[in-house]
Structures are given as C-alpha cells and as structure tokens.
Amino acid sequence: RAIALPLSSKLGVRDKQRPKAQPNPTLETFYSTRCKNPEEGELISLAKQCDLPVRKVEMWFRRRRNTDRPSLSKKFCEACWRFTFYMVSFFTGLAVLYDKPWLWDHRECWTGYPQQPLQPSVFWYYLLELSFYCSLVFTLPFDVKRKDFKEQIVHHAATIFLISFSYCANYIRIGTLVMVIHDASDCFLEPTKIFNYMKWKKTCDSLFMIFSAVFLVSRLLIFPYTVLYNTYYYSMEIFQPFFGYYFMNALLIILQLLHVFWSCLIIHMVYKFILQGTMEKDMRSDTEESDKDEEREKTVEKEKTRVAYFSKVTSNSYIQRNGSEPLNNRTHLTNGHVKER
C-alpha cells in the first residue's frame with residue numbers, strides 16, 4: 001500500500017470504470033444471503049418480484065459481481081508483493097544452500113539419515129516458506145477465482161503438507177531443493193503480470209517467454225531428476241521403505257501432476273504466440289464471464305446504432321433523389337400521442 005499503490009499510478013495503471021448496480025433491496029438480499037450468480041429459474045422469479053425484465057435482473061447481478069472484484073491497482077499491488085517475496089525467498093535459498101553438499105551431489109540428501117542436524121539457516125528458510133504458503137491458504141477465499149482455482153487449492157495443500165511432513169520426518173534436505181526449484185520460475189511470473197497491468201506488451205511477452213522456458217525446464221526436467229528420482233531410488237540405498245517414504249513420494253507426484261497441467265497451458269499459449277505473433281490472454285485469467293458479456297453488450301449496441309444510422313441515411317437519400325422532402329421520424333396523432341415512423 002505504501003510503495004506499490006503510488007507506484008501504480010505513476011506507471012500508468014488505471015482502474016477500469018465499471019457501471020454500478022442500481023440500489024435494489026430484494027436483489028441485494030438475494031445476492032448477500034443466497035447466491036451471487038443465480039440460475040435462470042431464480043432470475044425469472046426475481047424479475048417477477050421486482051417487476052423488471054429478466055435481462056435487467058441479469059445485468060444487475062453482473063454489475064454487482066463486478067463491483068466486488070478487485071481493481072487493477074489492487075492486483076498490481078498483489079503482484080508486486082509476491083514478486084518481492086519470491087525474489088527474497090529464491091536468493092535466500094541460494095544463500096543458504098550454496099555451500100551445502102546436497103545441492104551439488106543429490107545422494108548427500110541421505111547421508112547419515114535420519115540423524116541429520118538441522119542448521120539454523122535452514123530452519124529459518126523453512127519457516128519463511130511455510131508462513132508464506134499458509135498465508136496464501138488464508139487469503140484464497142478472498143482472492144479472485146481463476147480457472148485453476150481447484151488446482152491452486154490442491155497445490156497449496158500439498159505444499160504445506162510437504163513442508164510440514166518433511167520437517168517432522170527430517171526430509172529437510174529434499175525439502176530445501178523442492179522450494180528452491182519452485183521459486184526459480186515464480187520470480188519471472190509476477191513481473192510478467194506487473195508489465196501486463198502496465199500495458200507494456202512487448203516487455204510482458206518477452207518475460208513470459210523467459211518464464212515459460214524456466215518453468216518447463218525446472219518443473220519438467222530438474223524437478224523429476226533432482227527430487228522424484230532422488231526420493232524414489234537413491235533413498236533405497238540407505239533404508240527400506242516405510243510410511244513416510246510412500247507418503248512423501250505421493251505428495252511429490254501430486255505436485256508433478258500439477259506441473260504437467262500448468263505446463264500444458266503454458267505450451268498452448270507459447271504455441272499460439274509463435275503462430276500468431278501475439279500473446280493471448282492468460283488461460284488462468286481472472287477476467288470473469290461478466291466482463292465478456294459487458295463487452296458483447298457494448299458491441300451489440302454499437303452495431304444496432306450503426307445499422308439504424310445507415311438505414312436512416314439511405315432512406316433519406318432515396319427520398320431526396322425522387323424529388324420529395326424527407327419525412328420526419330415522428331408524427332403526432334390526433335389523440336396527442338407520438339408515433340415512431
């Protein structure tokens with residue numbers, strides 16, 4: 001709030017002016033207590049109660065939902081905060097692990113297990129990561145729901161379980177490798193969002209390509225070899241499987257499945273970029289369907305206006321070519337009413 005919010009205005013981030021919903025106690029009560037996106041039957045029932053067209057009721061709910069959505073400046077601030085954290089976390093991880101033997105020789109993760117001492121720097125690194133992912137879970141219900149909302153819940157839950165269980169089972173060396181690998185690509189994702197909010201398209205596209213390369217290499221190549229292969233095969237050279245072995249590997253496989261899911265989305269976007277030369281909207285975009293409906297409505301209204309104007313011009317031109325005066329669009333009837341012609 002103190003740094004990113006003033007910075008957003010200086011960098012040209014402007015909040016979109018959304019039309020506000022008209023005050024309606026009946027619809028507001030339904031919105032607050034029942035549902036924010038009613039079904040067709042509920043819309044018809046509400047329209048009868050309020051004596052309004054169904055289309056008006058649907059528009060009211062769309063505008064009411066848009067009112068609750070976070071502004072562009074707020075999303076800019078959130079991206080700045082996460083970028084700051086991921087940068088601090090990633091370089092903290094490198095500073096903690098650069099002189100540790102298991103960073104360079106992955107078999108060292110199991111040397112002396114389970115009697116491996118916990119160093120203070122590793123402890124604080126663990127605490128930093130655990131506190132951040134716990135905060136993400138607490139704020140998840142209030143964040144914008146993206147298309148991969150369910151996958152995000154699974155990812156955060158698996159990450160917290162992994163950090164907590166690896167600490168309890170003394171899988172700390174493996175845990176530090178997992179955290180460093182994940183933070184490497186996230187350092188490029190958040191600045192991509194920042195430049196997207198600033199409308200710096202070329203910079204945004206360039207950063208997204210860098211992020212895509214780092215993500216695919218770190219999550220589909222380095223993570224399976226450094227972590228999955230390590231926990232599945234190398235650990236068997238030291239001890240026999242036990243409950244923690246199966247539980248730890250199950251959580252890591254869940255993470256890897258999520259990596260594959262997000263990688264498919266990223267590859268699709270990169271493929272579109274290579275073919276079309278432009279980056280399409282993020283497939284996890286927080287743009288609601290209501291925004292699309294709003295844009296579609298504006299487009300339809302513009303088309304109607306153009307058609308009406310074209311019809312009027314052509315009609316008047318035809319009449320004038322035939323030597324007659326153009327007719328008025330409105331005529332007064334004997335009963336005092338006005339009739340459109």
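Heads up, the Cβ atoms here are built off N, Cα and C, so glycines get one too.
Curation plays no part in TrEMBL annotations; they are all automatic predictions.
Annotation comment: TrEMBL describes 29-72 as DNA-binding region. Per-class residue totals from DSSP over the DNA-binding region (29-72), listed helix then strand then coil: 32 helix, 0 strand, 12 coil.
Annotated compositional bias 'Polar residues' per TrEMBL: 317-334, in sequence order.
Per TrEMBL, the feature domain 'Homeobox' maps to 27-71.
Along the domain 'TLC' (74-275), the predicted structure has mean pLDDT 86. According to TrEMBL, the feature domain 'TLC' maps to 74-275.
Look at TrEMBL and you will find 284-303 (among others) tagged as region 'Disordered'.
The annotation region 'Disordered' is assigned in TrEMBL to 317-341 (among others).
Per TrEMBL, the feature transmembrane segment maps to 79-98 (among others). Residues 3-4, 7, 121-122, 125, 128-129, 132, 176-177, 179-180, 183-184, 186-187, 189-191, 193-194, 197 of the same chain sit 6 or more residues outside the transmembrane segment (79-98) yet have a Cβ under 8 Å from a Cβ within it.
Positions annotated as transmembrane segment by TrEMBL: 123-142 (among others).
TrEMBL lists 207-226 (among others) with the feature transmembrane segment.
With a threshold of 8 Å between CB atoms, the same-chain residues lying at least 6 positions outside the transmembrane segment (246-271) that come near it are 148, 151, 154-155, 158-159, 161-162, 165-166, 169, 171, 174, 178, 208-209, 212, 215-216, 219-220, 223-224, 227-228, 231-232, 279-280, 282-284. As annotated by TrEMBL, transmembrane segment applies to 246-271 (among others).
Long-range contacts of the transmembrane segment (123-142) within the same chain: residues 85, 89, 92-93, 96, 152-153, 156-157, 159-160, 163-164, 167, 172, 175-176, 179, each at least 6 residues beyond the stretch ends and with a Cβ under 8 Å from a Cβ of the stretch.
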